[in-house]
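Written out below as structure tokens is the structure these notes cover.
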């Protein structure tokens, strides 16, 4: 019998011939094949001269069930028996949903030997890029974008692209399909409620979303600057051993090219890790003259801050520079960072050097030398030691050194050092590596060295390529030619042969460099020796990055290249490739001052494209196969030379390495400190001489010192010394103030047309170059347009995509726009309603003569300003030639929203004039608060009858600022069911299961089963790469061997037994059916007759009328039965055989008519028994059989039999438990109970069971079958199909969203201004999350902040006259914060969070002194000087005393004018317990004169008039009062008495008793109790209301503020208030007429009402 088995095996394996020794057949493909892309492969027959037709076919892996592509090619001697067929793999035929790597089989037949190679697959079929019009945006603005798409041949591809916009938190807020050819791509509009930070626009192909391209842009609030500042350090590093000072040149230019006059404030510092340590003594004021200045960091200054400079090595120096214009109207802050502090100024890398060398042949060592900041270091001499070779780096930092290697060595130690003449030897940079010898095949000693020595290679060059060979003479004489492949962008671009003559050891060929080879290519060459050896080498070649085609933007004529006037007409000319599509945009260069990181460039395009190279080294390889692998190729030959299987498409990415005290006081300090020789004591002395912001005495300061008595003594001595000098200076100090202004009358300016169109980007056009090309093959097109109104330089950026020449980014074309006289109106991003602010109109005169200018601020009722409806505000100022003058205007915004600020100016005696109108954003008062509500939508759990309905209750906003909007944003996101466990069992652990079957009919199945189930599992999970894709072929061979051997034990009736003469076994026959049915899914050669014959035998011979199956001949190897051999045997056997019948159903249904009836009888039997079963194992097995037959959907009985709902256990039976639990998992998957399946999978994986053979057969089969089914079903389980309806109160039609698996992560958003209840309903399957964000402005409430565990006092006062004032500051105050912890011990790690007054910044120097020195009061501090909103200071304290009050003082400087300042706040809290906190507010008292200092002309009175004024005018008569009281919208007229004045929440509350209702209004019963009249505190003086006085008062209906059961009255500018004399005063002659008028007014309106 065994002889018969071997014969059958031999017959089945006859299709596997042995190797032919007559020729060497080779197949080479790219290491990764891309779908839907034409790819070139190579098939070669070396040593064969017989013409052949080869069949190239591509099949799916691992099952090879589909032929994805097939072609035939003729191989003949005329073509060198070499063919390069083109293949294309259609993505639609493959499973793109798989999370695993996918492979295809490339097969070559028609040769004497078939060639096969399994190759990794990629679905990325091209490149896609996004261009946004800018790199930075403000909330609410549109983001314009366009898409460029091309294939790997750089051909334009108008394939649909999905564009997603993602917030900084990664939430997808928009996802839309876009056709790159469309010129009407709708911009994405940023919402007003938007996340600040870096956003992403992500583009990916619709049918291959795993690869994407991302464009970034920032979103924040900003105002464009009027000039840019560039910093240029003298060196890119700070050499620690040097003695030179460090210089930084400062260049400041207006955006229209003129030079800035002003001042720069420069502060140097060192960044140590992530902490910035400034050098306070380096703070200097540098004049900017003619746009230039220079800052110097002296070595002594650096040493004064850091005594041991060697400790700074490895850290970086930075220079922070603030440049302010002469007029003070604009300020730009910039920083030069990343200046490395080094002992050696260079670093050496071997990033472009091959790791392998050929002994006895030249070795090209490419070294890359960088500056410490990672930039290339040019002109640096380098030298290699041992094998000496010298060179000098080029502009890209590289130098090539040729090393002549010795013959007999296997490793080559290499050390390269810089050889700079100005550096001592110990400071030269060095780098070492060891190159390894190339291993020849079989130790033959045959080598090939490909050399390309040109330094810089560009398109159009003819490149000499040298082929050097070395080996024994016999081998070399066999070489007739070299075969070479050129790869670029991951594709085989060209294949060729270079002949070699006999005796030639060096062959040179010329290679023409075409644009297709940009940005780099790989040159791979090999030759064959005999018919079994391949000798190979490769080299990576960089090509200069340029456009493959042409694109130029220029002025259409010489006139267009000149400086232009705003609004002028001009033309530009485009020159490019015929048929190219050109995208244009003009961007204000001020945008790039704020952010130029994200601008599209040709370099970025090539950087992305270069990543498509599948090669991962600089060339060469460990051996012949390594050469192909490292170049990104896959190779197989007829002699079983095979490259390793690739498992990732990309290469590992290397780290990217690119890119005022007086002089006398200072002298006194220096002299005093010099008296201490000890460095530590000198530090104590210096700290003692630093000014203490809190004003502590020297003695109190000394209490904080912990460095010992000697330090304390030095500190006290120096502290007292400097105090004496300061006191003397104080007595001599004086303060001088000066002011002048004038008025003049000039002509009107109504004819001046104001400039108002100031876009940040425009000219967003797409143009096709359809014009006939010229003699150079270039098409051109002229565009006409009108310039916008900005005085700036526009940068016109053009990006083209040509039909066959890829993407080209043109050099930007600049258009400078200016005129000799103009206004620059500097408007902040936003101002707060009712906060008085100063804006500046800067007048620029670039003429050669002085001028006099009249400036006019136009009236706008939305502001209170010096311009009124009846009289415009004008001022005349002189402006010197080639200079500027700032005219300040103070305004009070009275209404929210966007409002025009317009300024006009005309030059006296000339026609020159200008006008500017800009929008000013006015935001509401109060503190912006967010309320977030999250609702989970899960209708299957939370719904009734499948629908979840929920009412969202409106938020209670009792603290909302009146007359402000509420913004509510509703966002819905689906919750896709994620896969619980990926790669449940590691495929690499299954090697032991692929074994050779053997033995009797039972043993053969025991040993065949592991190969079947391992292959089944690895196919399902896509894990062959973990085990080795070549092992699948071996596994299939073992399966077929087991199949052939089992035929020996098949009886004529298709039943099976251990031996042919033994009675047939029901269980064994069913098991053979089950395993063969599984194997039929793996290989095609298992015949259906074999499977179905066993099924028919079971039905006809072993099934009883009631459906049960009987066993008449149990198996010999009882261990192979698994758990079925226990109790409840009939149910177990019937369920087991039923599963086998169901497995075979797809194969046998057409061949066995009674199969369905047999299955139904077994089902009926099992259904009767199911609920009564006792064993967990039998319950699980039966549940699986019934669920597989689709007759069980209820999992309650199954789960009741489990232990912990994740396993089905019986005592002391591990493998049976694994088997039974696997059946249960299969049952749950068949019932679609995916949530319940998760814990079961986790339990199975935790068992770390990798299967076996004897005694473990059923556990092995079932665990891998179950986990494979889990892997198959979970990715396709997309049980998310929700319909959501949101009924918002202001919408007639509900918002309806449909959420499924494909769009789950795209947020659906809606916004409403109402704060009302609304309903949401959800139905369907799955979950979603609805987030409701409500944003509103809350009143500042001091009493709402109850202090817990902290006492806190906050106050502000005027700074002392001798206090140092920050440069550019308009005023200086001192902030005093005193706190004490109210616990039993000191509070550790306490934080003080200070919200600054608007317009004020904290004094960093004061805070630095508090945090430095031996008498350290604070641990550290952080300043956020955000001028758009209020700045903040966060102070960290190591402790706060519980026994005494501790105070901090520091100065705050006013940098811009703000009137009616909102209160600032100070919060102290414990880091470890946030409930322990206290908040207090602070505000400068008007008595300090702060308000008066911002007055300009009569603006102060106007600012006060924004409140209601107490009407004391004598010219008011009865008729005027009646007219005003009866005006439209006047709601009420009362006579009141003022009972009480309260201060609350920053407002004044006037409590009034309504004595008489003269005209009734909204308030139904105003006399029921006293009424509250609310006024802003700023209006107190203007109103001047007195207690117990009577008043005539009326107001508008819009000024009523409904409360819970009451009404408050707002006092606004529309409120009429007059004092009503009392009865005694009415007797005086002075008040008689007034009292009569009031009485008559009351009678008229009460009796007759208002006249109609």
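Using the three backbone atoms N, Cα and C, a Cβ is placed for every residue, glycine included.
Residues annotated as signal peptide in Swiss-Prot, with sequence analysis given as evidence: 1-22. According to Swiss-Prot, the Mg(2+) binding site annotation covers 519, 542, 543, 545, on the basis of similarity to another entry. Residues annotated as domain 'Anaphylatoxin-like' in Swiss-Prot: 684-719. Residues or ranges marked as region 'Factor H binding site' in Swiss-Prot: 1197-1260. Per Swiss-Prot, the feature domain 'NTR' maps to 1507-1650; the stated evidence is sequence analysis.
Residues 669, 672-673, 675-676, 726, 1374, 1376, 1403, 1406, 1409-1410, 1412-1417, 1447-1451 of the same chain lie 6 or more positions beyond the ends of the domain 'Anaphylatoxin-like' (684-719) yet place their CB under 8 Å from a CB of it. Annotation for residue 543 (Mg(2+) binding site): spatial neighbours 457, 458, 459, 513, 517, 518, 519, 520, 521, criterion Cβ-Cβ under 8 Å with sequence separation of six or more. DSSP classifies residue 519 (Mg(2+) binding site) as coil under the three-state reduction. Taking the mean position of the Cβ atoms of 519, 542, 543, 545 as the Mg(2+) site, the remaining residues of that chain whose Cβ falls within 8 Å of it are 457, 518, 520, 544, 606, 610. When other Cβ atoms within 10 Å of the Cβ of residue 519 (Mg(2+) binding site) are tallied across all protein chains shown, the result is 20.
Secondary structure of the domain 'NTR' (1507-1650) per DSSP (helix as H, G, I; strand as E, B; remaining residues coil): 42 helix, 54 strand, 48 coil. According to DSSP, the domain 'Anaphylatoxin-like' (684-719) comprises 22 helix, 0 strand, 14 coil.
Using DSSP to sort the residues of the region 'Factor H binding site' (1197-1260) gives these counts of helix, strand and coil: 38 helix, 2 strand, 24 coil. The Cβ of residue 542 (Mg(2+) binding site) has 457, 519, 520 as same-chain neighbours under 8 Å, each 6 or more residues away in sequence.
Around residue 545 (Mg(2+) binding site), the same-chain residues six or more apart in sequence whose CB sits under 8 Å from its CB are 518, 519, 602, 603, 606, listed in sequence order.
DSSP assigns residue 542 (Mg(2+) binding site) to a strand in the three-state reduction. The predicted model assigns the domain 'NTR' (1507-1650) a mean pLDDT of 87.
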